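Novice: So Swiss-Prot has the following annotated:
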| type | residues | note |
| --- | --- | --- |
| ACT_SITE | CYS117 | active site, proton donor |
| BINDING | LYS22, ASN23 | phosphoenolpyruvate binding site |
| BINDING | ARG93, ARG122, PRO123, VAL124, ASP125, LEU126, ASP307, VAL329 | UDP-N-acetyl-alpha-D-glucosamine binding site |
| MOD_RES | CYS117 | 2-(S-cysteinyl)pyruvic acid O-phosphothioketal |
Amino acid sequence: MDKLLIGGSKPLNGEIRISGAKNSALPILAATLLADEPVTIGNLPHLNDITTMIELLGRMGVELMIDEKMCVEVHANTIKHLTAPYELVKTMRASILVLGPMLAHFGEAEVSLPGGCAIGSRPVDLHIRGLEAMGADILVEGGYIKAKVNGRLKGAHIYMDTVTVTGTENLLMAATLADGKTVIENAAREPEVIDLAECLIAMGADIRGHGSSTIEINGVPRLHGCRYNVLPDRVETGTYLVAAAATRGRVRVKDTREDILEAVLLKLDEAGAHISTGPDWIELDMKGARPKAVSLRTAPYPAFPTDMQAQFVAMNTVAEGTGAIVETVFENRFMHVQELRRMGAKIKLEGNTAIVEGVESLTGAPVMATDLRASASLVIAGLVAEGDTLVDRIYHIDRGYECIEEKMQLLGAKIRRLPG
């Protein structure tokens, strides 16, 4: 298994390009199953999860063409197997996203129950209940969700008990080809949901209210092809900005957007960062100062994102003062804390709150990544620590960050990959 070797205590300095958002690319790739003409998706990040989704479509008989710029052209009409098999789904929860589109376009779907990161309970029952409300017959047996519909799905009024991003996306996609009008209430408002809706609209869907908690979809008879570029990754953007703040550096990130990152930029401002922005770039400059500790509470968008929580815990470990970080979205999401403690961090856990008392510096140590964002926090900790840090199990990082060591090297970090 690959590891990352990081030499610390050097401010990050320089400029990097931000990749396309994985959490936008995955549902959009699934949405190509709805079209009866080729769809071309650009700005896809080079990530394992994207490769898995492309492999999943290919395994189902869908014809795909990929160019050197990671643009993918998808011909869904060539589909031969309406099954998403366990061996692919188990490595990536987002495979559940093919359920709605397959059912809506082809009248049946069989999808293995998902795998992915080990963060708390993420039930798929809201997806199932929503599709049943639209007239689907669904059976869960032998570890598979087996769904069928006679004719077309029917528009329905669906209230989501809890805000779920993939649940909203699955039902949004299914509703585009349903008979009549579907209303999704308590819908997720994330930028990635908006991006998916914009792509569906480019394919001919009739959608209103995306970005609010009530989405209205008027079903259409068919969706056509389009070309669409995935939006920039706000979590990757935030991760590099926090790394710059923690190391007292100065970093400019390009090909990104400030409007999808407001809650994070607010907290970095509170930490003492000088932030400037342009049409497609954000620059953060600490002017050599130590960051100030910040307190925050995670919640669904537009509040502070749970996917940035671990990175702020890492920054707080070397900040001036004490910060309380409350996690309200996922249980079991402080697995990075015990690893940070091995590096000398002073962190007290009280239920779903991490109280972080900043120390002058951390000490490099061997640590282990437990999930995608926790691993990013360990990289940040390694960058600020004295001595060398060895991060094990970095396949978690590779699921969400494109070429993290190469981008960090461009910013002057001492970091290299050690092949397993």
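Here the Cβ of each residue, glycine as well, is placed from N, Cα and C on the backbone.
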Novice: Determine, to the nearest whole angstrom, how far the Cα atom of ARG93 (UDP-N-acetyl-alpha-D-glucosamine binding site) is from the Cα atom of LYS22 (phosphoenolpyruvate binding site).
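Specialist: On Cα coordinates alone, these residues lie 13 Å apart.
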Novice: Using DSSP reduced to three states, classify PRO123 (UDP-N-acetyl-alpha-D-glucosamine binding site) as helix, strand or coil.
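Specialist: Coil, per DSSP.
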Novice: Taking only the binding-site residues PRO123, VAL124, ASP125, ASP307, VAL329, which one has a CA atom nearest to the CA atom of ASN23 (phosphoenolpyruvate binding site)?
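Specialist: With Cα distances computed to ASN23 (phosphoenolpyruvate binding site), the winner among PRO123, VAL124, ASP125, ASP307, VAL329 is ASP307.
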Novice: Using Cβ atoms only, which residues of the same chain lie under 8 Å from ASP125 (UDP-N-acetyl-alpha-D-glucosamine binding site) while being at least 6 residues apart in sequence?
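Specialist: Set apart from ASP125 (UDP-N-acetyl-alpha-D-glucosamine binding site) by at least 6 residues yet with Cβ under 8 Å, there are none.
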Novice: How big is the gap, in Å, between the Cα of ASP307 (UDP-N-acetyl-alpha-D-glucosamine binding site) and that of LYS22 (phosphoenolpyruvate binding site), rounded to a whole number?
Specialist: 12
Novice: Sort out the sequence-distant neighbours of LYS22 (phosphoenolpyruvate binding site) for me: same chain, 6+ apart, CB within less than 8 Å of its CB, listed by position.
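Specialist: The answer is PRO45, LEU47, ASP49, ILE50, ASP233, ARG399, GLY400.
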Novice: Restricting to the chain of LEU126 (UDP-N-acetyl-alpha-D-glucosamine binding site) and a gap of 6 or more, list residues whose Cβ falls under 8 Å of its Cβ, or answer none.
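Specialist: For LEU126 (UDP-N-acetyl-alpha-D-glucosamine binding site), the qualifying residues are MET160, ASP161, THR162, THR164, GLY167.
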